Ligand SMILES: NC(=O)c1ccc[n+]([C@@H]2O[C@H](COP(=O)([O-])OP(=O)(O)OC[C@H]3O[C@@H](n4cnc5c(N)ncnc54)[C@H](O)[C@@H]3O)[C@@H](O)[C@H]2O)c1
Ligand SMILES: O=C(O)C1=N[C@H](C(=O)O)CCC1
């Protein structure tokens, strides 16, 4: 089997470090370069044949990869993804914080170029199931709030998973303003972010990794659907599946729920 040639952007980050290990331990994956903010031109972690590039375009031209795995920041992630598609490199993007407009623009670009791309706010299989189960429950419960909890180094709020969950629920749930019609916030932000009437509450604390609870309320009952990632290895089977799947795609897919059975 021919190896899938991979470039990783953000290889020294919390997720990037895990992704480097995944690529190196997978027989049919090959790390051909990394995109970092520093150490341009040096060898990455002393590895033969794996050069560090601070310029993503130069990296794509020199290393000719099949796939880019991006695990950086919202701002850099968007630039890298766009450049990858333009250079015929299939992006697998875990970076969160993309707006609806960003996703539309990238999706259109991928379609124009006929290039596969995957943007997944959460690579953990359990989190994908949590979102799917929440969408199922939304048929029976109209009232729902999302509490997403992450480590305190996270840049974006609400989390990509929180927003994706609200989007999936909204595909089923009829629009509704929840709570008392006359409710007011005596402290701004008390009721959380509002996604089509669904409230998303963001908790940021040291000690946490990535956790989410979706709470549905009905007559005399609540239903809680919860997922916890206790380490970042939990995301790697989803990264592996995405790299394998993106090779067979010619459009952009947003969310792992669209590629698992
Ligand atoms: N989809 C998922 O399952 C999942 C899981 C965890 C984290 N994330 C997302 O992944 C992203 C990274 O998370 P993290 O915890 O690893 O963050 P991190 O801060 O530990 O790592 C980010 C890395 O990106 C590097 N970076 C920033 N700008 C860059 C640029 N222009 N070029 C090259 N490198 C650049 C930084 O130097 C850093 O090493 C975040 O957006 C986070 O929300 C997604
Ligand atoms: O650590 C993070 O940052 C994570 N972000 C994702 C999100 O925004 O949904 C989920 C996994 C961890």
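Indices start at 1 and increase along the chain as displayed.
Any Cβ shown, glycine's included, is placed from N, Cα and C.
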With 10, 11, 12, 13, 14, 15, 94, 95, 96, 120, 121, 122, 123 listed by TrEMBL as binding NAD(+), identify the candidate in 36, 40, 66 belonging to that site. 36
Given the recorded (S)-2,3,4,5-tetrahydrodipicolinate site (151, 160, 161), which additional residues of the same chain have their Cβ within 8 Å of the Cβ centre, ordered by sequence? 96, 121, 122, 148, 150, 154, 156, 159, 162, 210, 212
For residue 160 ((S)-2,3,4,5-tetrahydrodipicolinate binding site), which residues of its chain lie six or more apart in sequence with Cβ-Cβ distance below 8 Å? 96, 97, 98, 121, 122
Should we count any of the recorded positions 12, 120, 150, 161 as near ligand 1, judged by a CB under 6 A from one of its atoms, and which? 12, 120
Cβ contacts within 10 Å for residue 37 (NADP(+) binding site), all chains included, total 13
Whole-number Å distance separating the Cα atoms of residue 36 (NAD(+) binding site) and residue 154 (active site, proton donor) is 19
Tell me which residues of the chain lie with their Cβ under 8 angstroms from that of residue 12 (NAD(+) binding site), as long as they are six or more apart in sequence? 36
